[in-house]
Every structure is written in C-alpha cells, then in structure tokens.
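Quick notes on the structure that follows.
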C-alpha cells in the first residue's frame, strides 16, 4: 500500500543524492546537520554516516515510521550498522534494551565545540565513531545504581569497562554524549535528569549565566538607580528585573528548561512591544538595551538545553500538522520542506538583519536630550504642570495629602488630582513606593482599574492626575446604605475579582484592598484605586506551574513592617512571614463579609486584640432573617482560611470564579450588566458621594499657602511623566505643543514672587539656579561633590538660600546616599541631589558668642511651614534685613543683634533654634523675658517642632554659644565609631525636663574620630534635623536611616547653660517638656485642638489610628513613654501655643484645656480633644494579654475598633454618668440593624463617661477622661499611609509636681539613676 506522501507526490524527507555525497543523508530542520543557521541554505551536506542507507517510509504515520534516534534495530543480527529498512510499529514497541553499559544515545557533541549545526569535513569520521558505539536510549525509569553509573559516565573522562571486559569506546576522539533518552517518563523526573546532565556537562555555562544574572540585578535593580520618568517603562523595568531574578532562582534549583527560556523570551518580547506601543519616551532605548542584555545572558544555556531536550517525535508531530495546515490553507503542492523552513524563519536572508545597519545614521533615533530628539515626532509637546489645571473642589483628604477635582484649562475635561506631600514621603522613606504607584497606575489598562494620565511635581507636592470616578467609594455607600443586597454585593465583588485577576497576572499585589479603595463609576461599576502599598512581583508564567510553586509564590515578599489596614490584614502578614498574592484574597473575603453583613468579621479595642481574633477566632455568622446564603458563607469561609496554601484563590483566580456563588454570573458581560445603584449627580462638580474626611486630616491650609523656605522645594527627579493615553488625548492641543516647559527653578520662583518676593531677587535666583543645574548636568563633572564646591562661585549658604534645585539633607537610606558619595561616571550626567557637604574642618570654627553666623542669617528667611495646616510664619525685620544684604552680595561679618519683641503677651515667640544652634538659656526667675527670647523660656515651653518636621531648616533663634560646622562621618560599613547617651536636662529647680543626647565615647581610629567628633559634646542636629526633645529610639532611628554617611552638629556642653549635677532622688515626679508648634495665621480654638488621647493607666486601652506601620524597632506610641523620654511626634503637624508650667510663670487662662504630656497617673490632667495617634511601633510578636479598662459596651451593635480617632471636639467636662458602670455584654454577634445607620450606631458613645475615666473623675477630684467609640466608617484607613501627628499643649497651675508612673517600654533611654541627668538653670 502506498503511503499518503507517495499519493501526494510530496517527499516526506529531502535526501541528499548529490554526486559529492557518498551516501544519502536525511535532512531535517531539527537535526544537527539541518539548515538551522541562516548561513546554510539548501545545499549539499556531507553525510552523518558513511555506511547509513536512506530511510524508506512505509507507514502512514511519520511519528511511528521514524525512530527516536539512530538506534540499532533487532534485525540482521542486531548489527549497529544495519539500516532500519524494515522498521515497524510493532518492532518499535517490542524493542529490547541493550546492555546497561551501552546505554548511550547518539551524540550532539560529535559536532565541533563551538556549536550546533556547523558542517565540517570531519563529521563523517565522527559519525562513524558514534555509530560503532551501539548507542541506545536510557532506561524508562533509572534506578539508583543506574543513576550512579550515568553520573560516572557523564562526568568521567575515562572509558567505561564493558560487560565483556573490554573498553567502550575503544577510540573516542570527541566528547561524550550529552543527554539521556527522551522517554515517556514523568515531567519532573525529566527536568531533574536534564538539569543534572546539563550542569554536569556544562558547569561553566551554568556558573557564567548565574554570575551574569547577579551582576545584571545589581546594576539594574529599580531601587539602585534613578527611576525612569515614564510610568509604563518603569513598570516594564520592574518586570524585566523580576524575570531575571526568577531565572536566577530557577537555575539555582535546577528547574530551568528550554520551555522556560522560550516563555521567558516571549514575555520579554511582549514587554518590549508594550514599550514601543505605549510610550513615546526616548527611554525606550534603555528598555531595548535591557531586554537585549538579558537575552544575551540566557542565550547559551537556552541553546544547550534546546539541543539536550530535542524531541524528534514532538517535532515530527508539529511537522505533520504544519504540512496538513499548509495544504488546506494555502494549497502548497511542491517543495514542502522549503516552505516549512521558510515559515519557521530558518531560511531568512542574513542581509535582512544587516541592511538597517547601513542606514544607522538615518534610521536610528537620536540620543535622549539631543537637539534632534526634541524635534522628533513633529512639534515638541511639553509635559503638563499644575498651571494646566484649575482646582474645582476638594474630593477627599488622606494621610499624605488630598485628592482634588480639577478641570483642564484647555480641554475642560475633569480629572482627579492626588497631591502627596514630598516631605512626608522623604521622612518616611517612601519615595520609591510613590514611583511604584505611579508605574502601576500608568501601565494598568483595565476597565476595573483607575487609570492615570500624567504626573508632575510642584514645590511641595507630587501630583498624579487620574480619571475622575464620580460615584464615591463603597465604604461611604456602606455607611449610608448598610448591608448590600446579595446581587449587588455579588456584582461588586465579581468586578473586583476581575481587577485583581488583571493585577495578579502582571505580578502586582495590592496589599490594601478595602471598600474605601473601590470606587463606583457614573454607571455603577467598580474601579480599584490606591496602589500606595502595592508590590510588583513576577508576572504569571505557565512554566512556573511546577510542584511547590504555589508555596513559593505565597512567600514572594518579606517585609519588616506590617502594612495595610488592620481589619483586612492576613494572618501571614501579622506573623511577619513571607506573603504574596493570597493576602489580597484574604482581604476579599473580609470585603464580601462586610458587603453582606455590614461590618468586618474581626474587630477589637486594640490592634493586639484585633490581630488575636484574626489569627485564632472563629467567624461569627448572622442568624435568623439576617443569615447569609450558604454559597456566600462557603465562599467567605474558604477565602478566610488561615493558611495561605488552603485559601481559595491561591492557585489562581479561576478557583474563585468557578465557585457556586457565581454560578449564574456572566463574567464576560459584567460591564453590560445594569447596576442596581447608579449615582445621581446634581452638577458636573458634584462630589457629594465622597467623604472629605476633613475632620481627620487638615491639608486645606497647607494647600493654599506657598512660602519661601527652600526645604519645601525639594525636587524629586524623574517623577514628572505623561502617559500614552494622555498623549493621545492632547496630541493636537496647541496649548501643550507651543508653550515651553518651565524649569523647576522657574516654577519655584514664580510661586515665590506670588508670595511677595522681589523681582530682582527672583531673577538673580533663577540665574544662579540655572547655572547650578547646568553645571550639575555636565558630563565632565566627575569630581566629588565636596571638591566641586569651589567651582560654583557663590557660597554654599547662598546657594542653599537662592537655588531651589538642590535636595535637602534628610536621613536617606544607604542606597540613596551611596550614589552620591563616590566619584561620578564621566560618561553619565551627574545628578547632584543635595548641597555639597563641606570637608571636615581642620580647626574648629568658633564664632563670637551672641553673634548670628552667616548660615543662620542666610537661612533665617526659610520659615517653617506645617505640612498639616500650612499656617504662615512671620519673619522678624532684623533677620529680613540681614538676609537682604547677604543676598545682595554683602558678607559683612559684623555683629548684628536682632530686635526681639518684648516679653509681653503680645510679643511673637521665635519658632525654633534647630538650624543654627540649640539655645539653652533658661533662668528660673526670668518671668518677663528678655531681648533674647528662647524657645525654652518660661514664656514658651516649646522644645522644637515635630521630630518628623517637614523642614530640617527651621527658624533660628539668637544663641549664645558656639556652633560648629556639620561633622560629616563617612563609614564603609555599619559602624561609625561613637556612642551616645540620652540625658535629662531639668529646667531650673522644676521637675520639667527635656531629653538631650551627648556623645558618650569615640573610638580611636574610627570614622567619627577622623571626622572630628569629640566625646562629651551635645548633639543638636542629625542630618539637618534637630534632635532636641527626641527620645532615644528616634535618635537611633535617624542614625540607622543615614546609611554610610551621617551629618552631625554638635556643641560643647561648657558653651551651653547646662550644668551637670547629681542625679535627682525623686525622678518619678519629673515631667517632660513636650514638643509643640504655634500656628501662624489662625489661632482660634478649632485650629488649636489637642491631638493626644487620654489614658487612665499604663494598662488601659491604647487608642490609635486605623493606619499604622510597624518596623523592626519598637517605637513609642502616644501613651507609651519612659519617665525619661518624651513622647515623640511623628510628622509635621499644626502648631499650638503652649505655656510653661514653671513655678514662676503666670497662668494663662486663655490657653487650651490642660493636657499632660504623658499622663499615666490618676492625678494628672485628663481633659482634652482627641485625635488619632500613630501606632508607629508594633511589637514583633503579640505580647501578653492586656488588661482592659472597665468600659460599658453597647449591646445594640458590634463594638468597632478605635483604630482611627477623628479630632471631633469632645463635649465640655461634666459630672460622671449616672448610668451603671459595668453592663455585662452578651455573646458577641456581628449583626447590624439594617434600619440603623452608622451615625446612629456611634451616637451616644462619645458621651460615655463611666468606666475607667469615670472612676478617675469620681475618685481623685481631678479631670474627666472622655472616651468615645468610633463609627464603623471611621475605622478604615491605611496602616502606613496616615498622618502620624502627635502634639500637645498644656498649661498647668503652679503646684506640687505630679508623679508619672513607669511604663515598661523597650528602648535604650537613659533610666533614672544613671549619671546622665543634668540640670538646666
């Protein structure tokens, strides 16, 4: 019977019958001698074996008619030289294996060492030698003995003893066999076997690839280099690095295969295609080079594994399918192999790739920044800026900033602009996270994810322009509507699942899923937003579906801090274990429960209690009429599994989509489904569906006022970007095409002129700033920053005053500092991110006492502006005059005393002394003040602004004493070579003290000693930030965040008014002087609310905001402080005038209510306004059970967790409630009464006065603690993204000091009795 190929007259194989060939040769595109290389066309080849005959196809199937390799066939006496002329399927099935010692396969290594498919004249001899070895496949499943033999066989260079005692091979002038047989064994076994052979045969290739991948990751990791300006390219950069990291991990685990490399190449090509299609930036060239470099790194191992894993059977299957498809579609009748080779891209003209290189000068895009690149693509289009948008109204406030509704001035299109405070980001080391959020929002193109159009920066804010979603968020909907109907909850949940599926496919873990971040569109559909805590991991790959991959993916990220919102945090995050995509599915389970029930399943009065319920408690289900459907209950139960391995969704989104709860849901038609709730907008600018949260966050004042302080003008490079969708919308806009892009200095000084600066000063500053920028971007600037100082012309202090281009001196991480400490690359632009630090002085510079230094006078105009309220500070006239002379070029070193206002009630108080020096002139009987009004005088008990203030350059005060230049310590490791100690400095004979830090010892030969640091000096500033009044833990934190470079300002103790004395006996009665700041403009009662909650005893309930972050160290919260450590302030906050409790100071009756700095005793003042405090430090493990204070609980609803306390003014003090003190609470039930809104649920809770606070009021004839419960809606805010504001002002009548009980808090504070106590007179 003739075969199908003979009927079609199409040869199955092309045989080489040319006269130059001694025998016919099989030509297959997959064989080593096939024309796999473009340099080989269809030309005569030399044969592989001089004795091998041609193959005659006699069976219908090509896969059964061809052996897997040139094996010896059990015919004609088992001769290895016989041709399988009579080969059949039956013979192939019953084919016996040869002896174990002969278990070799035909070798690809018979080719020359350089490659694959290279034809050489010696191939005939090599093939003859290969044929004489009677090569066979390896056994089906090798035993342990066989594996040992194979290991010896592949590793040894000696010949193996045959079973008959002979040596096999006797003559082997080439390398050994590469691979075992391709049998139908299990997939995992084949991968292990193949990688074993690969690593044994090619150890250098493996080591070379892993080494290059490590260098690749070290050089191009996103955190170690300047971020890309384009958000899409930034996200692609993240993914390329993640692919390289995953390849390195797979190689170390011996899990790489040719299929893995093939998919990796496909992913890289897709990312490169996205870069070309969705970005117009010149930075695409960087992505192209990055992809090309990674492909070169993996090319050699990929080719080797492809040769090792070549499967003829699979290839013939594909070949047969290609033949049939070609016959059906295109009617190919002749020369089928040539067609297949052409379709596979194996016969390309090699000149095709070289041809574009001839026109390189014409076709290649010019380098970024060149004049040619500016004119590329038509008229130049500048990036958007703040002036392009007009603000309509506030949408919502947040921890780091606010969201506003804006309108584009040219197109009149509405957007939502998110303004994030720069200083808050810098002080919390969150700059990189903002770039991640920008990249995700820019790259994401999904109907259920909010998209971003552009980003830019102003002097004080980073701005992201996003699409405006009109319908508010689901949290507000739950607050107003109560539990949602099942169908409505199903649709919202399903649309969120689709958004999550899209994000997870690109390796994005949201980490902060909650109803607040689910926005409702004008058509009633869901859009996911707020990626401020998100992580970018590895995108989904089919080859990662191996055994154990789920467990590895569930531990993809490991953080040293707990991030998220307490009620939605998964157990693995609480335990500080590795986490991954399953944390989002846990949050989805909590969200669905909240949708259907109306409250979260886990709650508590403290974070510890809440987390204890999360990791241990059972879920409470509603009963009776409010019972949930069984399928919904089952879905929630499976989503809230404690183990991430057992959680629904861990194996993929399809697990959730296939649940019976969505049985009747059309996943493909969700957007076409009519929503039950459609927002009804009264006007275009209607934002009534949003909660502004103005009672919790006060950003309004700071948004309106722009001051002249240089520290607020920090430029974060590469943040401004324009997405592809924005480019398409405004590509034809003349407004964006014509106007030039203002520089950062121009934007800054235009705002300065609006604030009242002179025109001449602005012009001069702009010229200086432009000159500084030009010098900074010169490629030839390869000197150290300190050595470049003299080449800049003006003095550093003048540049720091006028130029707004420089980066302020903050405590950056080590990787941020490391980039600027070493010499710059002369071939790359030099990015000067900070003012150059002067070299360590050889001789100490000691100005005359009572004189203002040049730095003090120059920086005097840089007024502190609060990031929370933005009240404007005034500038004393003498300092303004001095500033004007110095800006004009005069450097008169003569003494100059500022005119301070009299110490009356109407006089202004200087803001702080954190820049120039630390004024310690405290006199107990100085009640009227003097010409040198000190911040620590009895008129103003104010140590300094917040320890996390937005500006390290604060207002100077007149100082008597010497202030040394900054001491810059460079350390190659983590050791600076000095130790410090916290001391108490008492004010006069009172029990009020502040905490200072002195250098306790300096090691010999250490970097600190070389920099000029001396033991016994008082530390005033660390990296430009004042440490006056900071607790020891915060000072250590500032040091640890500095990396390998730290800048200290110190002064000798003998130059201050601090007198060292014996330790006090009654140290428990001491009270800390608390930090406070005064408001600049509005001093009404509502702007002077106290921001500290009250607690009755150390074990009482800790009220915190719902959003907090926990690091490795334990930070003190507002109610946990040592007797010797002041409670610290964590962020810039509105200032409050406060008075001194010194015995001689008169009582100010107009001051705010009395608030004790760390009130823990029943006798301390207790009334005041409450505001959310920050739980910045959470114990690394859950501590022992805390004793709850007696509080009456509501029986009508579930007690919400007080994790966010809005600063609503508390009612005036009144008598204790006559209601019974302790009402036993019944069994906890999560049911909420549907007819009762969240406002009603919280009604009356703010007026409960009994419990612990009530007992205090009745028993001690003291103040009254007002504890209030929180509404359910007030418990939703991010852990990490919150305004950590803590400040207090108190005014206390003269009287005996009250004791402060000790609270056990971990830390290294100076304890009572140590020789670190001092007294200030």
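The backbone N, Cα and C atoms fix where each Cβ goes, glycine too.
Checking the candidates 418, 422 against Swiss-Prot: the one annotated together with 395, 396, 397, 398, 399, 400, 401, 402, 403 at the ATP site is 418.
Annotated range for region 'Disordered' in Swiss-Prot, selecting from 301-328, 329-356, 357-384, 441-468: 357-384. Segment annotation: Swiss-Prot labels region 'Disordered' over residues 778-800 (candidates 732-754, 755-777, 778-800). Secondary structure of the domain 'PDZ' (966-1054) per DSSP (helix as H, G, I; strand as E, B; remaining residues coil): 16 helix, 41 strand, 32 coil.
Considering only the residues assigned to ATP binding, 395, 396, 397, 398, 399, 400, 401, 402, 403, 418, the longest pairwise Cα distance works out to 14 Å. In this structure, residue 403 (ATP binding site) is part of a beta strand by DSSP. For residue 395 (ATP binding site), the number of other Cβ atoms no farther than 10 Å from its own Cβ, over all displayed protein chains, is 21. The two recorded residues residue 399 (ATP binding site) and residue 512 (active site, proton acceptor) have their Cα atoms spaced 14 Å from each other. The Cβ of residue 397 (ATP binding site) has 19 other Cβ atoms within 10 Å, all protein chains considered. Taking all protein chains in view, 26 other C-beta atoms sit within 10 angstroms of the C-beta of residue 512 (active site, proton acceptor). Distance noted between the C-alpha atoms of residue 401 (ATP binding site) and residue 512 (active site, proton acceptor) is 17 Å. Following the DSSP three-state reduction, the secondary structure of residue 512 (active site, proton acceptor) is coil.
According to DSSP, residue 397 (ATP binding site) sits within a strand segment.
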